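Participant: The structure's right below; bear with me while I get my questions together.
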Amino acid sequence: MAEITTPEEKSLNFLEEIIEEDLKSGRYKTIATRFPPEPNGYLHIGHASSICLNFGLTKKYPGYTNLRFDDTNPVTEETEYVESIKDDIRWLGFEWKNELYASDYFDQMYEFAITLIKKGLAYVDDSTSEQIAAMKGTPTEPGKDSPFRTRSIEENLDLFARMKNGEFADGTRTLRAKIDMSNANMLMRDPVLYRIKHAHHHRTGDKWCIYPMYDMAHGQSDSIEHITHSICTLEFVPHRELYDWLIEKLEIYPSHQYEFARRNINYTVTSKRKLLQLVNDKFVTGWDDPRMPTISGLRRAGYTPESIREFCDRIGIAKRENMIDVSLLEFCVREHLNKIALRRMVVFDPVKVVLTNYPADGAVEMVKSEDNPEDPNTAHREIPFSRELYIEREDFMENPPKKFFRLAPGQMVRLKSAYIIKCDEVVKDSNGKITELHCSYLPESKSGADTSGIHVKGTLHWVSVAQAISIEVRLYDRLFRVENPASEEGDFKDYINPNSLQVISTAFAEPALKNMRFNDRCQFLRKGYFCLDKDTSEDKMIFNRTVTLKDTWAKEVKKG
Ligand code: ATP
Ligand code: MG
């Protein structure tokens, strides 16, 4: 189980320390951060951590956060993703200052490239990517200079302009920085800055056929926007030297890069590329399938923004990669839903109870029950109670073991918010299947006015047959069978949990559930927390289980 600390106990994280120092020393009066997604998929829970970090810092300190789409790769990007990313950030509760696109800076970046060429710091290389790789050397051996490295500035300017004008085919030439082929940092060995790609871009259309590489685009975009603290994940540590080199040589606004550890959660994958495979290969119904670790999937499953922010806050930020236990995320949503969810009764697998001593004239009485005992302002709802009820089939046992406190022949239980009942007779069909339980109720045991003097250990949820509504319930389990599918041998998709979705197409609910709306959350007593799914229609209400009431996996592990 992941360590749980309460937010009050936490000291400043290392970025807050840096920023407080920067503000104290007067280095900055205000700060600027950015969240820079590549629009090549939907955001996932790892991104939520980066969003909470970047936007959280400028909520805490004076300054602002930009949303910048890092759309320098024309092939994988789509407008659908841009829209979903904006929706998700807003839903999480954050608002950006400016909505920006790296592609808006393509002209400026082209000018930066010209500046480097003119300074003798970049050259056009006719080598293929294989040849460039072969000349790179190894971490212990220096690389070799490209034969094109000594081209004149004029020739480079001419060739780069012709690259831009579309005279050359994809992959035939690149623009490279002229740094040092024996640098200990492999990324400083004349990195490629521009490549030729005759591809349509979601914003710039067919204007460009050369596109800047990540290193040529990211720091420059930060600089153009005067980002003070450019926060990225640890794999970019070796890029920082190049980030600084480009800014220094171009003599532009000095943004600074800081790195924190990527957040990975167990029993899932957090990589847009892998999530896209799950969608394309139909292992899930879409990016917002409730089993997906995407923000839209979590939202559809019934997670609240508060619970995701709380989770990100609790895991904090670190400088070392580690795997976060998904049960911490579940813990956070359970805590929040416990406070806000309306309590309702739903029977998944019914068996009929007939109260033989209750009036047989169709009488219905209303019993009162709290909407949420955790909420002092809670209302009460009225639930119809009558002679014929449904209880959960598994709440009855004909030959119960010793500590079975639910219903059994001759045994008593309380029906939640109603009466104590006793089972007198079991009715079966010709196959031996139980069809009805004939019980008697204790009229003097009504909840709130109980004078029976009888104490029973078990309380069951129930619904009245005549007023019950039929609903569909979807129960989800973890999408993968193993903790870290991406690190297993073979394809990560081989480790999918085949039982991650269980559909109960006719569950019976108390009538109050009819009033549920899309943003409402409820607890089905003893079953977990639920929300309405978007597949709901006029004919059928469909509910997703967000999370069970207890951590059922912890139990599994203990059982071994
Ligand atoms: P993916 O592999 O899922 O595509 P990415 O890093 O390529 O991830 P980007 O769209 O480039 O995705 O990420 C936008 C921002 O979110 C970056 O600053 C990145 O560092 C951050 N980010 C992405 N994944 C995680 C994660 N698992 N934990 C923390 N931050 C992340
Ligand atoms: Mg990326």
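Yeah, the Cβs are placed from backbone N, Cα and C, and that goes for glycine too.
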Participant: Do you know which of 4-14, 37-47, 290-300, 378-388 TrEMBL annotates as motif ''HIGH' region'?
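Facilitator: Comparing 4-14, 37-47, 290-300, 378-388 with TrEMBL, motif ''HIGH' region' matches 37-47.
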Participant: May I ask you to indicate which of 84-88, 269-273, 449-453 is given in TrEMBL as motif ''KMSKS' region'?
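Facilitator: Of the candidate stretches, TrEMBL labels 269-273 as motif ''KMSKS' region'.
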Participant: Restricting to the chain of Pro39 (ATP binding site) and a gap of 6 or more, list residues whose Cβ falls under 8 Å of its Cβ, or answer none.
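Facilitator: Expected: Phe69, Asp70, Asp71, Glu77, Glu78, Thr79, Tyr81, Val82, Ile85, His202.
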Participant: If one looks at the chain holding Thr233 (ATP binding site), which residues at least 6 apart in sequence have a CB under 8 angstroms from its CB?
Facilitator: Ser50, Glu259, Phe260, Ala261, Arg262
Participant: Using DSSP, would you call Glu38 (ATP binding site) helix, strand or coil?
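Facilitator: Looking at the DSSP assignment, Glu38 (ATP binding site) belongs to neither helix nor strand, so coil.
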Participant: Suppose we screen the binding-site residues Glu38, Pro39, Asn40, Thr233 by Cβ distance to ligand 2 with a cut-off under 6 Å; which survive, in sequence order?
Facilitator: Glu38
Participant: Within 10 Å of the Cβ of Asn40 (ATP binding site), how many other Cβ atoms can you find? Include all protein chains, please.
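Facilitator: That number is 16.
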Participant: Determine the Cβ neighbour count for Glu38 (ATP binding site): the number of other Cβ atoms within 10 Å of its Cβ.
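Facilitator: Within a 10 Å radius of the Cβ of Glu38 (ATP binding site) lie 17 other Cβ atoms.
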